[in-house]
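Inspection log for the structure reproduced underneath, given as structure tokens.
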Amino acid sequence: MKKIVIKIGGNAATQLTPAFFDTIKFWQKQHYKIAIVHGGGDTISALMSQLNEPVQKINGIRFTTQNGINITKMALLGQVQPALLESCRVNGLSVIGLNAASDQLLTGHTIDQDTFGYVGNIHQVNTKLIHNLWEKNLIPIIAPMAITNSGQWLNVNADHAATALAKYLKADELYLLTDVSGVKIKGNVLQNLTSKTMEELQKKQMITGGMIPKVNSALFAARHGVRAVHITNTVTHPGTIVTI
């Protein structure tokens, strides 16, 4: 049973192509098991601005207050996820929306509360829930938030949430979908990228900006047993395959 985790951007509900849905349906006919994690950063920022909540980023991480958590839940669970579920339904996929509170799906801890507020990483996944849904031929669509053991909601980077899910589900493949076709060096997409090559390219400042945490997330997944991690803009193209 092949298991595939896909991370898509929060605005992907309006950008996913017919080829995306056709590929997912083809995989399901091959009895592949699929889980999708969605982002939503732009929607969160827009809603924060509307509600006069300061948007502050530290080293690329959104500082999140308790009010910020409430707004994040409104954006992800009230706007982004419903739009994505509807898009999948219209295109013939049987999906179900999940969040951290769905039978304790995602348990996490803060990474540095003094610096980042209620931002965390995931250290436990209720994989039994996912497997039960897979047995019913449902595709879980999961919001990137976690809950601590004491019940505090946390904001989680969507790439990190997808890699954690892939790790605990022992996924065979992970797709980190982005707005470019892969990791580009001098305008050309790298077909393969290893941790050693990544270090060399970083030293030469040839991988910079937002691609660095994405590649690091991919390497984390590869180190934890995911055989193929793709950084790409579509599931129909392998993009850059990251391995250890």
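Using the three backbone atoms N, Cα and C, a Cβ is placed for every residue, glycine included.
The annotation site 'Transition state stabilizer' is assigned in Swiss-Prot to Lys7 (among others) on the grounds of sequence analysis. Other Cβ atoms within 10 Å of the Cβ of Lys7 (site 'Transition state stabilizer'), summed over all protein chains shown, number 28.
The substrate binding site feature in Swiss-Prot is assigned to Gly40, Gly41, Arg62, Asn155. Non-local contacts of Arg62 (substrate binding site) by the CB criterion (under 8 A, 6+ apart in sequence, same chain) comprise Gly41, Ile44, Ser45, Val55, Gln56, Gly68, Phe116, Val119, Asn155. DSSP classifies Arg62 (substrate binding site) as strand under the three-state reduction.
According to Swiss-Prot, the feature site 'Transition state stabilizer' maps to Lys214 (among others), an assignment based on sequence analysis. Note on Lys214 (site 'Transition state stabilizer'): other Cβ atoms within 10 Å of its Cβ, all shown chains, come to 21. Mapped onto three states, the DSSP output places Lys214 (site 'Transition state stabilizer') in helix.
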Other same-chain residues whose Cβ falls within 8 Å of the Cβ centroid of Gly40, Gly41, Arg62, Asn155, the recorded substrate site, in sequence order: Gly39, Ile44, Ser45, Thr64, Thr72, Ala75, Leu76, Pro144, Asn157, Ala158
Largest CA-to-CA spread of substrate binders Gly40, Gly41, Arg62, Asn155, angstrom: 12
Lys7 (site 'Transition state stabilizer') to Gly40 (substrate binding site) - Cα separation in whole Å: 11
Other CB atoms, at most 10 A from the CB of Asn155 (substrate binding site): 26
Inter-residue C-alpha distance, Gly40 (substrate binding site) and Lys214 (site 'Transition state stabilizer') (nearest angstrom): 16
